[in-house]
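Worksheet: one structure, shown below.
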Amino acid sequence: MHKLWASTYKELLLLSRDIGGLAILFVMPLVLVVTITLIQDSTFRSINDNKIPILWVDFDKGEVSKNIYDGLAESKSFNIIDKESDSEAKELVFKGKYQLAIVIPVNLSSELEKKVNLNVEGLLSKFGLEEETPQTEKAGLEKKEVILYFDPATQMAFKNSIKNGIDKMIFKIETQTIYKAFQSQITDDETEAIFDTESFITFKEITPSIGENEIIPNSVQHNVPAWTLFAIFFIIVPLSINMVKEKSQGTFVRLRTNPVSYLTVLGGKTVIYLAVCLIQFGLMLGIGVYLFPILGLPSLEVSGKIPLLFLVAIFAGLAAIGLGLLLGTVARTQEQSAPFGATFVVILAALGGVWVPVFIMPNFMQTLSNLSPMNWGLNAFYDVFLRDVGLIDLVPELTLLFLFFVITTSISIVYNERKNAV
Amino acid sequence: MILISHLSKKYKNNAEYSVVDLDLKIDEGEIFGLLGPNGAGKTTLISMLSSLIKPTSGSFSINGLTFQKNANQLKQLIGIVPQEYALYPTLTAYENLYYLGSMYGLKGKQLKEKINYHLEVLGLGKFSNKKLDTFSGGMKRRVNLIASILHDPKVLFLDEPTVGVDVQSKNVIIENLKKLNTQGTTIIYTSHHLNEAEQFCTKVAIIDHGRIIIEGAPKNLISQYPESHNLEDVFLTLTGKALRDHA
C-alpha cells in the first residue's frame, strides 16, 4: 500500500511540475465545450438569430411564389435576397457565396390553377355537374419545376431539410388550390367557408419530466455530456506520453529492477489521472451551470443528478485511463503515442455518437458503435441528463466501462510481463 | 556469491552473440571490475544479472537465489546503478530518492534519515530540494548512486558509474563505493577507466566479443605480462588497438 501511495504522490508531483501541461489539460476541454455548444446552440433553437442568406429568383410573380416566399420568411431562418437572373444566382451559389438559391418557374401559379381547375371540372363532370373538359386543354399543361441550387459544400442534412420544407409548402399550396377550385365551382360567394383548410392532423411532442418540470433537451444538455466525455477520453494522450517519457528517461527500466509490481506503478497513475478526469468534469459542470447563462446559452440542469453524474464520470474516466495505460505500455515513442492517441479518441468519439447520432449510422457502423466505450459513456450521461433514470438503469453501461478498464489494464500488465520476462 | 554458468545472449537482430557461454564466479565482498572495449558484452552481462534482459541460454544465481524462483527477494538483495541517470528531472533530489526508496519498501523516518545521510555523505545535502534538471552531470551521477543503495543492497551492480563526471565527483563516488564494500556490499562494476579500475577493484575480468579473456587481481594480471606497466597495457595487449565502433 505504501508503494502505491508513493507512486501516486510521485505522479501528483510530476503533473503539478508541468504547469503548461496542466493548463492544457484543464483549460482546453473547457474551451472545447464552450465553443462546440455555442456553435451547435443554433440548431437547437426554435428561433434563430443567425439567418442564412439565400437567393430568390421569382419568374412567377404569382400567388404560389408569394406563398413559398412567405413560408420561408415566416420560418425566420433565412434572409431572402431577390435576384433577377437564374444564371447569376446559380453562379453565386456554385462559387460558395450563398448556400442556396430557389428559382420559381414562370407561370407556376397560373398553370397550377389551370391544372387544378381542369381536374376539378373533370371530376365534377363525372358526377354530371359540369360539361366534360376537352382533352386538348389538359394536354397543353406542362409540369413545372422549382429549381434549387445548393453550394456543393452544403451538408446533406441541410439540403434534405430545405427540400422537405419546400416540398411541404408546395403540397399545402396545391391542396389549398384544390379546395379553392372546388369552392369556386360550388358557390360564387368567395367569403363563404365551405372547406376548413387547416391541417386536421398535427404533432405533439411529449418529453420526459421530473415531477411537474418537463426535461426539454437543449444544446447544453446534449453537448456538455458528449464533449465532456470526449475530453475525459483525451486523457489517454497525456497519460501515454507520461509513460513513454518514463521509458525514455530510463526510470521505467530502473523500476523493473525494483521489487515493485507493474500493477502498483499503473495504480499510481490511475489514481492521479482519475482525479484529473473528475476535476475536469467538475469544471465542465461548473461552466455549464454558471458560465453558459452568461454567454446566452441555456443553463445546464444538474439538480439532483450530481452523484450519478460523477459516478458515470468515474467509470468513463477509468475506461479512458485503461486505454491510456495500454497505449503507454505498447508505444515506444511520443511520436507513436500522441498522434495515435488523439486520432483514436476521435474515431471512438465518432463511433460513440458524439458527432452523428448512432441511430442514423449505417447498420455496420451501429454494430461497431456498440463496441465503443464512448458510446456506453454517452448513453450513461444521456440517461442521467435527459432520461432521468436511476442507478439501476445505469448498471449495464457502468459495468461495460469498468470491464473495459479491467481488460485494457490486464492486457498492459500481461504485455509488459511478457516483453520483460527473465 | 554470484555463480554464472554457460550464460549466453543473442539479440534478435544481431548475427553474433553478445555474451558467449560465459562462466564466472564472484565471491562475496569482492569489488569486481568488468572491463572491455565498446560492444564487448559488459552491459549485456550486467543487464542479465539485474533482470533487465533475458539470457538466451545458461543460468546464474546470486547468493543462491534466481530471478525465476525468487524475483522479489533477489531484487531486494541487489542494487543497480544504470549507465543512464534514470531519474525524474522535474522532481527534486529528495523527491526522487523518496519515491525510489519507497519502491524498496522503505518508509517513514527510516527512509528520510537514509536519504539525508547519503545526500550529506555524497556532498548533496544543501541541494536536496533542488530539481534534478538543475544539477550537473556529476551531481546527477551521485543521486543515481544513492537511489540504488538506499536499501543497503548486498550486491551492487554499477554500469560505468563515473562516466562523464568531474574528478571531484568521481573521487566521492569511488570513496563511497569503497566504504560500502567495507560494510559488506559486493560490487560489480563496468568501466572504461582502467586506471580507476586498477586502483579500485580487488578483481577484474577483461571481456571481449562476449567472452572472458582473462580474470584475476589487477596486480597479478599486470605481472603476467612483463612488458605491461599497468592494466591499460594488459588491456591493449589482449584486445588490440583497433577501433571498436558500433552503429
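Each residue, glycine too, has its Cβ placed from N, Cα and C.
TrEMBL labels come from automatic prediction, so no person has curated them.
TrEMBL lists A:183-419 with the feature domain 'ABC transmembrane type-2'.
Within the chain, the transmembrane segment (A:21-39) has long-range Cβ neighbours (under 8 A, six or more residues past its boundaries) at 15, 219-220, 223-224, 227-228, 230-231, 234-235, 238, 276, 279-280, 283-284, 287-288, 291-292, 295, 297. Look at TrEMBL and you will find A:21-39 (among others) tagged as transmembrane segment.
Look at TrEMBL and you will find A:224-244 (among others) tagged as transmembrane segment. Within the chain, the transmembrane segment (A:224-244) has long-range Cβ neighbours (under 8 A, six or more residues past its boundaries) at 11, 14, 21, 25, 28-29, 32-33, 36-37, 252, 269, 273, 276-277, 280-281, 284-285, 288, 300, 313, 316-317, 319-321, 323-325, 327-329, 331-334, 336-338, 341-342, 344-345, 348-349, 352-354, 373-374, 377-378, 381-382, 385.
Only residues 6 or more beyond the boundaries of the transmembrane segment (A:271-294), in the same chain, are considered here, and those with a CB under 8 A from a CB of the stretch are 4, 8, 11-12, 15, 25-26, 29-30, 33-34, 37, 220, 224, 228, 231-232, 235, 238-239, 300, 302, 306, 309-310, 313-314, 316-318, 320-321, 324. For A:271-294 (among others), the entry in TrEMBL reads transmembrane segment.
If you look up TrEMBL, you'll see A:306-328 (among others) marked as transmembrane segment.
Remote same-chain residues near the transmembrane segment (A:340-360) are listed as 226-227, 229-230, 233-234, 236-237, 240, 323-324, 327, 331, 366, 368-369, 371-378 (criterion: CB distance under 8 Å, separation of at least six residues from the stretch ends). Positions annotated as transmembrane segment by TrEMBL: A:340-360 (among others).
The transmembrane segment annotation in TrEMBL covers A:398-416 (among others).
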Tertiary contacts of the transmembrane segment (A:306-328), as residues 6+ beyond its ends and Cβ separation under 8 Å:
228-229, 232-237, 239-244, 266, 269-270, 273-274, 277-278, 281, 285, 337, 340-341, 344, 373, 376-377, 380-381, 384-385, 390-391, 394, 397-398, 401-402, 404-409, 411-412, 415
